[in-house]
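Colleague: Pasting the relevant annotations from TrEMBL:
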- 920-929: compositional bias 'Low complexity' (COMPBIAS)
- 930-949: compositional bias 'Polar residues' (COMPBIAS)
- 976-991: compositional bias 'Low complexity' (COMPBIAS)
- 1011-1034: compositional bias 'Low complexity' (COMPBIAS)
- 210-285: domain 'Chitin synthase 4-like' (DOMAIN)
- 918-949: region 'Disordered' (REGION)
- 976-1040: region 'Disordered' (REGION)
- 37-57: transmembrane segment (TRANSMEM)
- 77-99: transmembrane segment (TRANSMEM)
- 299-326: transmembrane segment (TRANSMEM)
- 734-755: transmembrane segment (TRANSMEM)
- 767-788: transmembrane segment (TRANSMEM)
- 795-819: transmembrane segment (TRANSMEM)
Amino acid sequence: MAIRGERGATLRRGRTLVRSERGHAATPMIKKEERKLTPWVVYSKIVTFWAPGFLLAKLAKMPEAGMQQAWREKMALVSLIVLVCGAVVYLTIFLSITFCPESASKAQSNIFEINDKSNPNVIGIQGMAFSTEHATWQSRLGFTPSPGQDMTPYFSVPLPDSCKSSKLKNLRAATYDVCNPNNGNGGCPLGDVKQGEESNNLKELPDRPIGYDWKDVSPGFFVINGHVLNLSPYLLSTKTATNDILDEVIFSAANKAQVDVSLLFQSTDEMKAAADCLVARFRAGDLAKDTPGCFAVNLFNYAALVVIGGIVLSRFIMAVIFQYFLSWQLVRRPPRSKVRPLSYNAAAPWSGKKPQTGGAATNLGKGEDDELFTVMLVTCYSEGEESIRGTCDSLCNTDFSDARKLLFIVADGIITGSGNDRSTPDICIDLIEQEESFKDPQPCSYLAVAAGTKQHNMAKVYCGYYRAGARRTPALVIVKCGAPAEHDRPKSGNRGKRDSQMILMNFFSRVIYNDRMTPLDYDLFRKLHHLTNQTPDMFEIVLMVDADTKVYPDSLRLLVNCMHNDKLIMGLCGETKIANKRASWVTAIQVFEYYISHHLSKAFESVFGGVTCLPGCFCMYRLKAPKDNGWVPILTKPEICQEYSQNVVETLHEKNLLLLGEDRFLSTLMLRNFPARKMMFMPQAICKTVVPDEFKVLLSQRRRWINSTVHNLLELVLVRNLCGAFCLSMQFSIFLDLVGTVALPVAIVLTYILIVRACMTTYNSIASYLPLAMLIMVLFLPAVLIFITTRKWIYVAWMFVYLLALPIWNFVLPTYAYWHFDDFSWGETRKVDGEGKDKGHGNEGGTFDASSVPMKRWEDYERKRLRSIKRKERQEIDDSSSYQIPLVDDSANAGLLKNSVEDSMYYESHPGYSFMGNTSSSSVHESSSGTLGNSNYRGAAQQHQPQQYEMQSYPAGVAHGDSYYSQSQQGLQYSTYDDYGAAPQQGAAPGNVQYAAYDDYAPSQQYMDYSQGQQQPQPQQQQQQQQPSRQRPGGPRDYR
């Protein structure tokens, strides 16, 4: 639950249904288990039985079993989509044809009811209405016909063709002479029917049948298939039945006073033919009531109209409500009551420590109290300098203090984009003013999101400041350069956007839990601390931006205000506008699509706090969220990091989730793991991005987006604890989105059919206007939304451009995407010089060697660094003597950076400073159990920070959720949540912090205190490692 008074401006969350499973943890979306013969696999094999494996290997060039199974699953998905589309078509068009033929439905809409006194000058002839207003009867009838009376027996009706069949020649009723003088009417006093209509000046009313209610069906009248037949003259003239089957049915029904004889005429083909003959000869009109089939069809149509129309209207109304009443409450400057003091992990070993390199010389200021420490992540791949510089300029020029933000740029591999004269890493590095103490960094290992040997990757961390006018923002540039074995390969170090995001997520997750770090994590820690004078656990927010996106100056401030005003918000996005809208017709058709997807779809979802996709080009997440007096991890939650960093994906479903739409997959993960928290859209925060201007690029991009959308909606529709219940729930809305997405190809066809029908329909009742009203509402209601939300009429013009391109959006793009379900490449979206078609990131054989990426906690890295510094100090002291201390370089074993000794020059000039404690002693106290002496971090932290909130790791066995942290007044029993299998160590004495001892990384050389007169070993030669010389800015660099 949220803190009282801190609940945001969305709908109040309350209990909807009592379900026991709502209290359980979310089931992982990607399960690492052996692939079994599941029903889905069996179905895919049944659907593709006609394509055996050897044919796929020879003809389709699919030698691998995984490729063949992906193709089979694609065909299975396509078959299901075809079934869904077929069901939509049948329910829309053929349902009424099956159960309510057009003749019956059309007759009901134009029927003239018998005995309608409001229109007395109407009679019926052969079931159709005729006007007698200007009638001149040529013979004396002796009576005045009642309104709608059947006058067919007074005319001579020729034998119809349906009665001339050989099947009916022995049936008396089929060949009966209607002008029999004993028919009760004196024969046929009005003569031939056609001549009688003209001679008596009777005018037929077009398409107006005579309608009978059940009470109007008198004796001698029968109902066959909805038609009313007048057989009174036949019964009067014949009196008794013959031996033929037709007479037996007629006289039996008349004797039993049976009115509806439809079923009696369905037994044989002869009786069905007799029914058609009788209707043609004796028809008096039709039933004025709907047939059961027509009633069922109308009921279904009205129910569908209410559901679809209700959803369209509710989305529209809620979007307007959110725009005008809710969003402005969230983006306003938060009051002091909602601004919490800055909190950090007071129990961490680095708490209260100075920067390890003395701190940056630049004074960044203090920052406002309501400004949260924010990391601005920019992921780069093949963009040019203009795009990257424009993005960084917009981020640095935001209305946010430089002291509270950090620019975090990740270059995804040694790549030169198409049309660029330099590689992407060179472009990124030249954008910043590097710190002299950290120039020419060495590559550091980390665990990449890949399979096989590519799981080991290396990256360099460049640190400095990004200057944009008068602004100077701390900046880190991470260049993924690859392991030594791949330096000669193209796209060395490239692991994809998800891997770039995981560098940041894993780093902050390990910082929050004080978990074991990779060398890259430790390097990031040192350089971030140096630039900002703050430890990484101070950062709470991450803003993710693509390298071709420009953020408006107030956007960052507005999004952070939302985080302050509603503590339940865990993710946000703003409106993304198109920067190159007039570049080509391809960009023009996307303008309104971008607008409506934000202001209608995302605004509606924001009312319930359940935006299903935060676009990766501009979104914000919480790294951790305040709760009571502590913090809970959000984006850094281990379950999130573990699922999002899955490196082995085998099934078609997993590959579409992880390889094509990582942004939507991350949003799905957040909603599944935190269903009680909120994902929101803020229309006031705006950015501009560059969209594809060529159709082949748009086709490739939308293929990824549509396929990712389908698979993520399949996951979200199974989440039962989202907001709402039944038809008023987010789960039902997601289900309709899923059906609407897969039915897009037939939706456009049905739209045009509806338009044609609307033009051809005769509107004589309210029901006939309903389809037209639905069409107008669906197509033009967004225009009303444009006027209400933006008041920019230019968007109405963009709407008509979008409507003209509906066949592309609803047919071409989805059909292409569904047929390429087994294509996991990025295609034409990001092109690199000399690049062919890729198969997805991280495709590599071999076995990963876990020892290639050492994992240690921060204090272990620091202990190794101190030893290195002590060795160098002793060497310098003893250089004047005849003895020389042996130098042991254990940096490789410890995972230290190669330049760690060189970067410790600051500590040589400050020999009294120790960054393992706050005393003036530079010694390190160790015990065999791994307990650090003189390290009462809590007491030291409290001296520096009088106001703080402590965050502690939760003990092993505690259920995950929102209660990881607790406070202790005396000692801290430390137990870490360790995904990598490290066993927790407990049992520290009060006032001390105990950590697990990692003997695997302990030094093999034992150092002795030579001041006590102990024997010293013989001197050895130290090998000096040559460092590559720094290249001039703008020139090529060696990232090995």
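In case you wondered, yes, glycine gets a Cβ from its N, Cα and C as well.
Locate each feature and note its surroundings.
Modeller: A Cβ distance under 8 Å defines the sequence-distant neighbours of the transmembrane segment (37-57), meaning residues of its chain 6+ beyond its ends; these are 63, 65, 68-69, 71-73, 75-76, 79.
Sequence-distant contacts of the transmembrane segment (77-99) (same chain, six or more residues past either end, CB-CB distance under 8 Å): 47, 105, 293-294, 296-297, 300-301, 304, 652, 739, 742-743, 745-747, 749-750, 753, 818-819, 821.
Same-chain residues lying 6+ beyond the ends of the transmembrane segment (299-326) with a Cβ under 8 Å from its Cβ atoms: 9-10, 91, 95-96, 599-601, 603-604, 606-607, 683, 727, 733, 736, 770, 774, 777-778, 781, 784-785, 788-789.
Under 8 Å from some Cβ of the transmembrane segment (767-788) lie the Cβ atoms of residues 109, 298, 301, 305, 308-309, 312-313, 316, 319-320, 323-324, 592, 595-596, 599-600, 751, 754-755, 757-758, 761, 795-796, 799, 803, all in the same chain and six or more residues away from its ends.
Sequence-remote contacts of a segment are chain residues at least 6 beyond its ends whose Cβ falls under 8 Å from one of its Cβ atoms, and for the transmembrane segment (795-819) they are 74, 77-78, 81, 581, 588-589, 591-593, 595-596, 698-699, 702-703, 706-707, 741-742, 744-745, 747-749, 751, 779, 782-783, 786.
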Colleague: Taking a Cβ cut-off under 8 Å, which residues six or more beyond the ends of the transmembrane segment (734-755) line up next to it in the same chain?
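Modeller: Distant Cβ neighbours of the transmembrane segment (734-755) are 80-81, 84-85, 88-89, 92-93, 311, 612, 706, 709-710, 713-714, 716-717, 722, 771, 775, 806-807, 809-811, 814-815, 818.
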Colleague: What counts of helix, strand and coil residues does DSSP assign across the domain 'Chitin synthase 4-like' (210-285)?
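Modeller: The counts are 38 helix, 15 strand, 23 coil.
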